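**Student:** Take this structure first; my questions come after.
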């Protein structure tokens, strides 16, 4: 069979990294990325890009840990390379603080991040409202630079990118052998996934270069994540809200909550408000499916539904999706050789 043609639908961090893993593991494939939006207009561009995993209730913990570990290892290598600044990846140390001691004092990812330990009494004095905390060093991706770096890597491996709105996966069957669905929240309409819903997130991007450490309230709603050029302040989690318009009340709430954790932020300048819709479901949809219509079959690999945790697991899930594409290719080659017989 001729070189298999693979279409990846979606150009956020999941789509781009999946396309890159496919190109790296199946060099004989011809890979295209199709999306109606590319950086800086994707949901991933709004994300803070911190590697602190979100838990998926429907996915076994050992699987989530593997995805996180693969992602951390991959980004850690980039952070140790000459490309770190261009890719927007850097180590950042800080604290996760709790008003009450959490049930789980050692999260499943504690031995993947660097130097994880309980906070000392002296450190906790910085947060008088909090009684328990964890200190560690993790990685942060500055999202627009990282997405542009991924696009550059894709072009270097011969992957082509086209701006195109895909309304139905069947549109692609005449031109492509395999379709990979990384449409994020767009999968709600694209494949009619009723289990997928938006969790609206509003964040502020501010200029506060003196803030060097991340601070995250253990509830996960209030966070301060310093990037290379700007600090991300968050956030909101509004289930089933599709609105992309900034809410001034939420902006004030985010700013006040972050200032209570880090009072020096009162001096922050140039506050920009960003809104994104996290594509959420009980578990990431990462599976093969064969669609059939009138005797025609279209192999599809789904990789979407990462919610608030996409950056933390993006490389791990992309590798798994690429492996599933490899299975689809083997099945196609098997059926084409049987057809010749």
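Any Cβ shown, glycine's included, is placed from N, Cα and C.
Pasting the relevant annotations from TrEMBL:
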SIGNAL    1-19  signal peptide
DOMAIN    5-324  domain 'FAD dependent oxidoreductase'
BINDING   43, 44, 166  FAD binding site
BINDING   223, 278  D-dopa binding site
**Student:** Have a look around residue 44 (FAD binding site) and count the other CB atoms within 10 A of its CB, chains all included.
**Tutor:** 30
**Student:** Below 8 angstroms Cβ to Cβ, which residues of this chain, lying six or more residues outside the signal peptide (1-19), approach it?
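**Tutor:** Cβ under 8 Å, 6 or more out: 26, 28-35, 37-39, 42-44, 47, 141, 143, 146-147, 150-151, 154, 159, 161, 166, 169, 172, 175-184, 186, 190, 303-304, 306, 310-311, 314-315, 317-318, 321-322, 325, 329, 332-333, 336.
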**Student:** Given the binding-site residues 43, 166, 223, 278, which one has the fewest other C-beta atoms within 10 angstroms of its C-beta?
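**Tutor:** Result for the binding-site residues 43, 166, 223, 278: minimum number of other Cβ atoms within 10 Å at 166.
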**Student:** Looking only at the domain 'FAD dependent oxidoreductase' (5-324), report the model's average pLDDT.
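**Tutor:** Residues in the domain 'FAD dependent oxidoreductase' (5-324) carry a mean pLDDT of 96 in this prediction.
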**Student:** What is the interatomic distance between the Cα atoms of residue 166 (FAD binding site) and residue 278 (D-dopa binding site), given in whole Å?
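**Tutor:** If we compare the Cα positions of residue 166 (FAD binding site) and residue 278 (D-dopa binding site), the gap is 20 Å.
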